Amino acid sequence: MSLVLKKSIDDVALKDKKVLIRVDFNVPVKNGEITNDFRIRSALPTIQKVLKEGGSCILMSHLGRPKGARMSDPKPEKGVRGYEEAATLRPVAARLSELLEEKVAKAPDCLNASIYVSKLKRGDVLLLENVRFYTEEGSKKEEEADAMAKVLASYADLYVSDAFGTAHRDSATMTGIPKVLGSGYAGYLMEKEINYFSRVLNNPPRPLVAIVGGAKVSDKIELLDNMLGRINYLVIGGAMAYTFQKAQGRKIGISMCEEDKLDLAKSLLKKAQERGVQVLLPVDHVCNKEFKAVDSPLVTEDVDVPDGYMALDIGPKTIHMYEEVIGRCKSAIWNGPMGVFEMPCISKGTFAVAKAMGTGTQKDGLLSIIGGGDTASAAELSARAKNMSHVSTGGGASLELLEGKTLPGVAILTDKQ
């Protein structure tokens, strides 16, 4: 999939236009404070482009998973339909104001914002409240999603999509609005995301390594199946590695294992061999008897995990082996951590992979792509994110791209003639 044949924000006049931009400001908030503003910062180039060209921005996003209310529900005496304090975009408006160094107005109800929109002048920014406060945003009933899309579309002259993180959703704000307006344009973040993934999937510098981790093989079946026809090396870590290792007859102690996926693991390993893909699995492990942080976890001498122990991270020999493979590759794509990186004593494997990719990018020109979600969080936590070619803002969307699927939020955008 590529954005080469889709129109972008550079292909349309923005002066004096009210531009409705679907962004992904689904950021972590604790006690009313944003703990990671990466997604907000990633949307700035598109917002600044509109302002520079003399347009005004109407921003819409979701945050969290509020229960939501229907458009037809009675309006409460105070407040707005579906409102939940934990999911308000108020902290986002404050942070965006700081980043833009100008006031960002906020409409408290995304579907009753006409008065706020009418006051917009050149260079103004308006943030609508959480679109998921209305259940129509994610409704599977086309008429419900269309009803919400029509209200939002009425605010604007143009629709721009910069929400790669929700591009895999067929929703009112991702596909409904461009359908109503008859056009939709890609923002700079959307364009950047798709083009990086397109490059690594369709025409990567070789050798190409896929580093795949996380808890379950079942979560990565389609990704692995699609990538085996494209990669030279497959590096496996995380809890999912132990399903593969048990399938090979190794001892895994009480490590997590999907017993019903052992035959699938064998099949994937056989397919990799048939396609000439070298698969690397852990050769030593950092273990504990319980799923908790300890000061001195057990590090095994070899590939087998002792009885009564569970593997929580890859060991030093495995780290060295994985670093060597990354070092000999020209492209690397990483989806899923190597272990429980949130616990400092068992974060070394994940952080070592991040360091190897960052170093390879800066010193040897490695094309390095981080596939969003937990992997992006790990790269940020390891302070290596800035060294990568690209850190995706989308977990589910990047996973579906790697699985070879078409993203509805991209497919709906206007084709170039």
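Including glycine, each Cβ sits where the backbone N, Cα and C put it.
Between the candidates Arg122, Arg132, Arg250, Arg275, Swiss-Prot assigns the (2R)-3-phosphoglycerate site shared with Val23, Asp24, Phe25, Asn26, Arg39, Ser61, His62, Gly64, Arg65, His168, Arg169, Lys216 to Arg132.
Together with Gly214, Ala215, Lys220, Gly238, Ala311, Phe341, Glu342, Asp374, Thr375, Swiss-Prot lists one candidate of Asn226, Asn232, Asn335 for binding ADP, that being Asn335. For the ATP site, Swiss-Prot lists Ala215, Lys220, Ala311, Glu342, Asp374, Thr375; matching the candidates Ala239, Ala241, Ala247, Ala397 against that entry yields Ala239. Put simply, of the binding-site residues Gly214, Ala215, Lys220, Gly238, Gly336, the one whose Cα is nearest the Cα of Val23 ((2R)-3-phosphoglycerate binding site) is Gly336. Long-range Cβ contacts of Thr375 (ATP binding site) within its own chain (separation 6+, distance under 8 Å): Gly213, Trp334, Asn335, Gly336, Pro337. Of all the binding-site residues listed (Gly214, Gly238, Gly336), Gly238 sits in the most crowded Cβ setting, with the most other Cβ atoms within 10 Å. Once the Cα atoms of Gly214, Ala215, Lys220, Gly238, Ala311, Asn335, Phe341, Glu342, Asp374, Thr375, the listed binders of ADP, are compared pairwise, the greatest separation found is 21 Å. Cβ crowding, taken as the number of other Cβ atoms within 10 Å, peaks at Ala239 among the binding-site residues Ala215, Ala239.
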